[in-house]
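Some notes on the structure that comes next.
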There are 2 protein chains.
Amino acid sequence: MTAEILNGREIAKDYRADLERQVNELKEKGVTPNLTVVIVGNDGASLSYVRSKNKAAENIGMESSIVRLDENATEEEVLNTVESLNQDKKVHGILVQVPLPKQVDENKVLDAITPEKDVDGFNPINIGKLYTGQETFVPCTPLGIMELLKHTGSLEGKEVAVIGRSHIVGQPVAKLLTDQNATVTLMHSRTKDMVSKIKDFDVVVSAVGKPGLLKGADLKDGAIVIDVGNTVVDGKLVGDVDYESALEKASYITPVPGGVGPLTITMVLNNTLLAAKRQNNL
Amino acid sequence: MTAEILNGREIAKDYRADLERQVNELKEKGVTPNLTVVIVGNDGASLSYVRSKNKAAENIGMESSIVRLDENATEEEVLNTVESLNQDKKVHGILVQVPLPKQVDENKVLDAITPEKDVDGFNPINIGKLYTGQETFVPCTPLGIMELLKHTGSLEGKEVAVIGRSHIVGQPVAKLLTDQNATVTLMHSRTKDMVSKIKDFDVVVSAVGKPGLLKGADLKDGAIVIDVGNTVVDGKLVGDVDYESALEKASYITPVPGGVGPLTITMVLNNTLLAAKRQNNL
């Protein structure tokens, strides 16, 4: 079997075309969705990631701006910036790029973003609403993974291994998969004989950041593989799964790059549109 | 093998003795922990459960009161009651007994309890803090289950099946088990061949409410069984697991009644003490 490639760029393109249509509808009603990203310091990779979100927003007709603070900014300065964006009626979605410099308490800053504009879905109240089934913003990578999985058929009754227990990816995607009636096993660095267990699972979502963690031979025949890993090796972005060998064993597989990544940014836009609609009761 | 019985009443008794000691210390500092329970309507089972929490609090030297509202109380009346308890400096922990009558939106009421007094841990912000590793109140049944499991040794590397995906028991206990480095599979009504899979697991936590769901023959030899089920059958409280046959196969097992139940109430007291300490910076 040669796997069908889940082309994240193509899937994202279609999704963004639909978002663009909705943005235009909103603009006709006088509301232009605005995503504002706060970045502290000069880290090149962070800056380029922030600019790509920025550009993606503008490409579908949203407004987007970047607020840059000096790398020596105090916690109070960062909190004041967030607070002024909370108050600004023209801003619908706020992102704070992490990691933050060590003089700034990351949890404190993320908690300060008003839940209504927290398009990353990292504010505890939004996480709590996710777990209690209330209206919320779902974190973007998990949401993007679910969008990719829609292209592979129903998840009902499927056995899914999620590898990695972060509250950014592993835990929320486990929750979303459970909501779709999949049976999820949440694996992590302390799971015994992890690799040899993978053969039992219909779907594998790997969010570890360890190139070569899984090979084709480790997979169940016809498994669906979602590779969230992205590690730079010799200047190239690689996932957790050995792509070439997995391609021969899986039924569907995401490439790295071009798999989950484009969907994550797409879901930032999705959540910003949602925020603009909710804030204007549209 | 005959299982060791995890005697919830005994374990709870020891735990409450320690809480009582801490309550006395707090009283010497001028703070008497107060648990207030709101109940709407006249359901006999609910009333008797509320009274048992009440009595348990008083037994360890806490203050406790019950606020009773008529079964026809409006949502506004219930919300006003919660708000006045939020404001009352003598009250440290607030419980609202569920289910509420249908004219009252349950989520709205639970969300209205200030997170600082939410000793059930059902407020979204407290649930979100649980998932992001921040200071919170952990829901009482999951916390009680973890206390029982402390008596069975380390959970590191263990494979655990949690059956039932509610946000009251299944999901948060899965999170707490994962934090202890166990590998958790969250099963539910749509899990394929569930019963036959149970044989692969070192620990089984069943929170379904379906008597006879599991029998001894379904368990791995030496499994640890935590039975959260409590269903009234012919006037008797029974769990999800067939106790007699499981006793011969498990290494540890909780009886029903007298297993998880006493620990749940104990953890209400635990959280009320914690609330009183936090509100007084003690």
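Glycine residues also receive a Cβ, built from the backbone N, Cα and C atoms like all the rest.
Annotations in TrEMBL come from automatic prediction, not curation.
The number of other CB atoms found within 10 A of the CB of B:S166 (NADP(+) binding site), across every protein chain shown, is 15. Taken from TrEMBL, the feature NADP(+) binding site covers B:G164, B:R165, B:S166.
DSSP states for the domain 'Tetrahydrofolate dehydrogenase/cyclohydrolase catalytic' (B:6-120), grouped as helix (H, G, I), strand (E, B) and coil, give 60 helix, 19 strand, 36 coil. Look at TrEMBL and you will find B:6-120 tagged as domain 'Tetrahydrofolate dehydrogenase/cyclohydrolase catalytic'.
Among the features that TrEMBL reports, domain 'Tetrahydrofolate dehydrogenase/cyclohydrolase NAD(P)-binding' is placed at B:139-279.
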Worksheet item: So how many other Cβ atoms are close to B:G164 (NADP(+) binding site), meaning within 10 Å of its Cβ?
Response: 23
Discussion item. Going by Cβ pairs closer than 8 Å, show me which of the binding-site residues B:G164, B:R165, B:S166 neighbour chain A.
Written reply: B:R165
Worksheet item: Tell me, what is the mean pLDDT of the domain 'Tetrahydrofolate dehydrogenase/cyclohydrolase catalytic' (B:6-120)?
Response: 96
Worksheet entry | Helix, strand and coil totals (DSSP H, G, I; E, B; other) for the domain 'Tetrahydrofolate dehydrogenase/cyclohydrolase NAD(P)-binding' (B:139-279) | 56 helix, 28 strand, 57 coil
